[in-house]
Amino acid sequence: MTWTNPLTLLRHGWTRHWNPDRPVRTVVSNLPFEDLKKREQPNRRYEGNAIRTNKYRLWSFIPMNLFEQFHRMANIYFVGLAILNFVPVVNAFQPEVALIPICIILALTAVKDGWEDFRRYQTDQQLNNTSCFIFSRKQMCFVERRWKDVRVGDFVRVLCNEIIPADILLLHTSDPNGVCHMETANLDGETSLKQRKVVPGFSSLGEPFQPQTFDSTVVCENPNNNLNLFKGYVERPDKRRTGFGIDSLLLRGCMVRNTDDAAGIVVYAGHETKSMLNNSGPRYKRSKIERKMNTDVLFCVVLLFFMCLIGALGHAIWLETFSSMPSYIVPDSNVIFPGLSLQVMIPVSLYVSIELVKMGQIFFITQDVELYDEELDRRVQCRALNITEDLGQIQYVFSDKTGTLTENKMVFRRCSIMGTEYCHEENVVVPDRKLMLEVDRQMASIQTGPYLDFFLALAICNTVLVSSVTAQRQRVRVNVADLAGAERVGDVLRALTHSTKTRGGETLADPFSIDEDESDGFHSSDVSDAAGQKVISSERKVKSGLSGSEEVCYEAHSPDEAALIHAAKAYGFTMMERTPHYVTVKLPDEALLKFEVLDILTFDSTRRRMSIIVRHPHTKEIIMYTKGADSAIMERLGNVFSDLNVSAKQTAVKTQRDLDMYARNGLRTLCFAKKVISEQEFRAWSAVRQEALSAIEEKEERLMETANFIESSFTLLGATGIEDRLQESVPETIQALRRAGMQVWVLTGDKPETAINIAYSCKLLEHEDLVFTFISVILQSLCKMRLEDTLGELRRSMLSPGADHQFRGYSSAFTGPLMEPSIGLVIDGPTLSMAMSDELVEQFVELCKHCRAVLCCRVTPLQKSAVVKLIRQKLRVMTLAVGDGANDVNMIQAADVGIGVSGQEGMQAVMASDFAITRFKHLQRLLLVHGHWCYSRLANMVIYFFYKNVAYVNLLFWYQFFCGFSATAMIDYWLMIFFNLFFTSAPPIMFGIMEKEVSDSTLLSLPELYKRGQHSEGYRRSTFWIAILDAFYQSLVCFFIPYWTYNGSDIGIFAFGTPMNTVSLFTIILHLAIEIKSWTAVHWVIMIGSVLVYFIVTLAYSAICISCNPPSDPYWIMHKQMADPMFYLVCILTTVVALLPRQLYN
């Protein structure tokens, strides 16, 4: 047997998946090689379908977990001290006693980590052992196997309502049109159906699927995490190639709907599937307070070092005072570090207490009824457990517009057809009488015309899917237990997929075309009925003339399309059926037009338009209907501005005027156009298009070229204006955030006119503001000049005597110097790219510092995240990003705190966020109330923890001056340990969870109070050192008053230490009582309970500890002290003197 170097095996394992020499993946059928061993099969180098998301093995759990826990430096410190206690010459406690606290902390954390990992292991096993159907050549049929048995190259069959086990290239479906509906709720939270189609040429109507006859080779791209992009081709033995795209790929974790069965070949399995590559696991962020706390821990270590150094020097000096070694000194006891007994200065329980406090804070946030959405039956979600206090320190808020500030419930308001404008005021489309008459006239006379073409474009130039009500989410007859199992698997997949990183885009995509390269997944959306109530657009029902009285359902993937198709329906143009090859429309006269679909050019953010090419059933003309942004359509009109076509020019001018009016009114605008293509031109273009579809290299560029070539010389039909109304209380929320000292930015992909109008409506900008506009700046040099001029004007204005008149400043106890809150900035995407270049970025950031509001229009998802990162890093401020769509994921993950709005655009933003809300208005209470509370609670609790430990450990330090710095303790070791773990642990945790220094009504009425967190006033370096000085003072009082009282008496060492221990407890507990601003019954129970626990435990310990620490034992000492009136006098007097400065300071 040949021995192989392990490094060679490791290198082979790495390169088999990421070999740069193989830019594509080649997959062949496994059936001819079914009898061969695995190492002889052609697809052996690809990943298997079994997954493993747990990180521990049984043998590696302890070392790996300890290694991870020791990334926290405090744990290394505690373990180091515990180890030193095993060195006889420096130990301060019994070694076993010193190990107990850190062992408890490490064990609890390990148990928590182990339990979470075991749950992940159970989830993995449940998924891996889920049943599926794999084709077997031996049995010549699909046989039941488990998910973990699936391999790349296998043929898998999936039934209706079953979850797809791997990424499968669709080759067969029971649907006569060769389509399969897929629900991606387990993957991205979207409930709308996505339509997939069979690779052309691999499915014959009525014939069963025969995998054994498949002799082609599948060539596709290497695994990646882009859910919206997939490209490749199938190469037949005769070298003919058929291209395919994302619309032919069934994704692992999704569920087949409305299709009896679907089958195909596995191209990605296991960890190489797109769903698993998007499973980035839970996100971890460190809060600002935690970062500061690490520095303060370091200060405490330095302070402890100097105290120990003093103890060591003092002990050496003390020994020098003896001419000979005293008999009570242990021989050869070279005491180098007698101050080790002071080790409890660093609070070992602090980190555990912080975790408990944050869990309590999250509980109260999620239980707040003011943040509950009764309409959606949803509470606020806290997905990040370790940054609750950051909600109280936000300085910059970055918000999306559509669906975040607005409702994303689109209402068809206006349209302009051939230069004539028509208005619709109702919440549902009530046909305009003049427009209806014009439609009827053209229907009655010529059966064609621009008005009919306009509504036909509304009806078919979209991605809306049609299904009957009876087929909607149809379920086949399955065993109830099997169905429950499928739902459990769905829950498992939802738990696995923590965040989805997709490339967001505009909300126009198509489920049919195989060049779906940039489109974002769309979602079931809402439209409003006449009563203002929400109606799910995917369930809007229209009467179908195809099947008598059977109703149909629309699966509208975006609210815009829902509004447009219902507008077309209101005027009698009802889409009745859509297949990959045909689309049927019912006309106002009940006639049916069945268009043959020749090609679909999907929307992308570069072209900003989509087109559908159809053959007219009557005229047999090839017609392309196109919709898109006004600039994307107007610039491609044919001969509009020539003198020969005056009417077309007038139509374009009037339509542009109407578009400008729509934008000023805050409406979302779209242009519609058509083009008649000759047969010869289409054939030539289609050949080039097919070559581009079959390409692997530069596929997107070639597809873009073909689309741009055919999308030209348009005939303008008209334009639409759709209203996206503001959410409730958005202006009030933005004003409150501004009063709280936050700078609000809005980042949107909308055109500037629409965005500016919304900005004024939501009070982001006001008419008195001085607004600088950077729109359509072509050259970087011009952008630089504009920035320099604007900054110069700002500097002159602020230095001029009349600056106060131009810039309306305000000052308060929280803001300090005069601010200039009346400056706004509007900038579009191309100009923003230039402003963020290395040459201009510093000037751009300086300009932004002076702006109270910034509006970025026409920006891409990547630009959104880039802006957030730029401001966070350059200005070193706490940022928050809020959005509701997949195109906001990058921005949400780039901010210090990410807020997802569970609205109309799916759940991808929520899944990537730290907190999830249902309405933008909830941001006001979440930040101003809970953010303020969480920050102040945690900041005060951490400061209190440092104070408490320093105050207590200094009692031991002062005693060293009277015992020759011998590290002797006058308090029993066990009572010292119990002091931190039990006697004084509950009150600060309660304080961190329930303290309300200001009521919620006051915080909402005075948003300026929020600035305390922005300026870190609750946890400053000065606050920390004041608490440390106070701890030194209180420890001096708690030591020397009992010392002077018992000086000269014959009491024992533990009898001397017991009053100090008791006084220290009273002082520390009452110190917290002074800090508490709002008392409840829970406060009283915990505070009094802590004192009672101290006395009960101490009395019991003194009664049973007969020979715990010979020769000095605490036996019956507490009982004798409590029988002495002097004990009570010392406790009262010392506590009053110790707390008097703190009370006066507050």
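A Cβ is built for glycine as well, from the same backbone N, Cα and C atoms used for every other residue.
Heads up, TrEMBL stuff is auto-annotated, nobody curated it.
Positions annotated as active site, 4-aspartylphosphate intermediate by TrEMBL: ASP400. Other Cβ atoms within 10 Å of the Cβ of ASP400 (active site, 4-aspartylphosphate intermediate), summed over all protein chains shown, number 28.
Under the heading ATP binding site, TrEMBL lists ASP400, LYS401, THR402, GLU561, PHE603, LYS627, ARG668, THR748, GLY749, ASP750, ARG858, LYS864, ASN887, ASP888.
Look at TrEMBL and you will find ASP400, THR402, ASP884, ASP888 tagged as Mg(2+) binding site. Other Cβ atoms within 10 Å of the Cβ of THR402 (ATP binding site), summed over all protein chains shown, number 28.
If you look up TrEMBL, you'll see 40-97 marked as domain 'P-type ATPase N-terminal'.
Under the heading domain 'P-type ATPase C-terminal', TrEMBL lists 910-1145.
Annotation comment: TrEMBL describes 74-91 (among others) as transmembrane segment.
When Cβ-Cβ distances below 8 Å are used as the criterion, the transmembrane segment (97-115) is approached by residues 56, 61-62, 65-66, 68-69, 75, 78-79, 81-82, 85, 91, 343, 348-349, 351-352, 973-974, 977, 980-981 of the same chain, each at least six residues removed from its ends. What TrEMBL records for 97-115 (among others) is transmembrane segment.
The transmembrane segment annotation in TrEMBL covers 297-319 (among others).
As annotated by TrEMBL, transmembrane segment applies to 959-983 (among others).
Look at TrEMBL and you will find 1024-1045 (among others) tagged as transmembrane segment. Long-range contacts of the transmembrane segment (1024-1045) within its own chain (CB-CB distance under 8 A, at least 6 residues past either end) are made by residues 296, 299, 303, 943-944, 946-948, 950-952, 954-955, 957-959, 962, 1056, 1059-1060, 1063-1064, 1067, 1071, 1126, 1130, 1133-1134, 1137-1139, 1141-1142.
What TrEMBL records for 1051-1074 (among others) is transmembrane segment.
Annotation source TrEMBL lists transmembrane segment at 1081-1106 (among others).
The feature transmembrane segment is assigned by TrEMBL to 1126-1145 (among others).
When the record's ATP-binding residues ASP400, LYS401, THR402, GLU561, PHE603, LYS627, ARG668, THR748, GLY749, ASP750, ARG858, LYS864, ASN887, ASP888 are compared pairwise by CA position, the greatest distance found is 26 Å. Taking pairs at least six residues apart, the transmembrane segment (1126-1145) and the transmembrane segment (1051-1074) share three or more Cβ pairs below 8 Å and count as touching. Only residues 6 or more beyond the boundaries of the transmembrane segment (1051-1074), in the same chain, are considered here, and those with a CB under 8 A from a CB of the stretch are 944, 947-948, 951-952, 955, 959, 968-972, 975, 979, 983-984, 987-988, 991, 1034-1035, 1037-1039, 1041-1043, 1045, 1087, 1090-1091, 1094, 1098, 1112-1114, 1117-1118, 1120-1121, 1127, 1130-1131, 1134-1135, 1138-1139, 1142-1143, 1146.
One residue stands out among the binding-site residues PHE603, ARG668, GLY749, ARG858, ASP888 for having the most other Cβ atoms within 10 Å of its Cβ: ASP888. Other Cβ atoms within 10 Å of the Cβ of ASN887 (ATP binding site), summed over all protein chains shown, number 28. Across the structure, ASP884 (Mg(2+) binding site) and PHE603 (ATP binding site) are spaced 20 Å apart at their Cα atoms.
Separating the Cα atoms of PHE603 (ATP binding site) and ASP888 (Mg(2+) binding site) is a whole-number distance of 18 Å. ASP888 (Mg(2+) binding site) and ARG668 (ATP binding site) are 19 Å apart (CA-CA, integer value).
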